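Participant: Just passing along the structure, written as structure tokens.
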Amino acid sequence: MITFISDLHLAPALPGVTRLFQQFLQNQGVQSQALYILGDLFDHWVGDDQLEAPYPQAIASQLHQLAQGGCHIGILHGNRDFLLGQAFCQAAGAQLLTDPYVLSVPTWQFVLTHGDGLCTDDQDYQQFRQQVRSPAWQADFLARPLAERLALAQGLRQQSRDTKESKPDYLMDVNGGATDDFLRDHGYATLIHGHTHRPDRHDHLVDGIHCERWVLGDWRETPEGATGDCLVWDGEALRRQPLALS
């Protein structure tokens, strides 16, 4: 089977989500021929020198162990960890994928993306996204000391949280027209994405062709314990599987 996850936001401050991820790897992970992580594996990532810290080392090691067992691991950048690089992927035994990524399997075709690029109504965010994805900005940022980068990332996260509180709800979801164009450009394949934290399945009619869009949920800690979800392709159908600590 093929498994898809997104928006785990792993961090030492989220021990429940971290344990849920470990449980997921030991259960759904080892049963999967392939695992696709559609962005925001980490709450933040400011460069592969973060691997010097024990927490990301442990996450990379756990993924590498899964890969050694025969599971192919593909990773897309998210809006929080777009600086994940080849050093991390090598340590994790994973392949860094270009967003969007077309996945062809027998009898079906998927197109995978993190999803933030489809939220085109939020023009301020799209301008920020274009800035931080530019090679010049990234080179300048990565040249700064690690401690400074971590502090800047924390400040940006707080700024993002403050901004979200005043944004209309529609700005934080995908734009319908942009999504239809995306589906058309990718051969009307089944679209899987995360980012919006709105797990659901949507039908799109594009040029008279029925298309499916599946949205992955985010992983989070609740008073009842950590929760998340994944999507599973069993060779015939795509289904959502809720995840919770046992």
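Along the chain as shown, residues are numbered 1 onward.
Including glycine, each Cβ sits where the backbone N, Cα and C put it.
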Participant: Which of these, His195, His197, His202, does TrEMBL list as part of the Mn(2+) 2 site with Asp40, Asn79, His114?
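Facilitator: Same Mn(2+) 2 site in TrEMBL: His195.
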Participant: Among Asp122, Asp234, which residue shares the substrate site with Asn79, Arg80, Ser160, Lys164, Lys167, His195 according to TrEMBL?
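Facilitator: So, going by the record in TrEMBL, that would be Asp122.
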Participant: Please report the Cα separation of Asn79 (Mn(2+) 2 binding site) and His197 (Mn(2+) 1 binding site) in Å, rounded to an integer.
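Facilitator: Roughly 13 Å, rounded to the nearest whole number.
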Participant: Across the listed substrate-binding residues, Asn79, Arg80, Asp122, Ser160, Lys164, Lys167, His195, what is the farthest Cα to Cα distance, given in whole Å?
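Facilitator: So the maximum pairwise Cα distance among the substrate binders is 19 Å.
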Participant: Measure from the Cα of His197 (Mn(2+) 1 binding site) to the Cα of every one of the binding-site residues Arg80, His114, Asp122, Ser160, Lys164, then give the nearest.
Facilitator: His114
Participant: What is the set of residues, excluding Asp7, His9, Asp40, His197, whose C-beta falls within 8 angstroms of the centroid of the C-beta atoms at the Mn(2+) 1 site?
Facilitator: Ser6, Leu8, Gly39, Gly78, Arg80, Gly194, His195, Asp218, Trp219
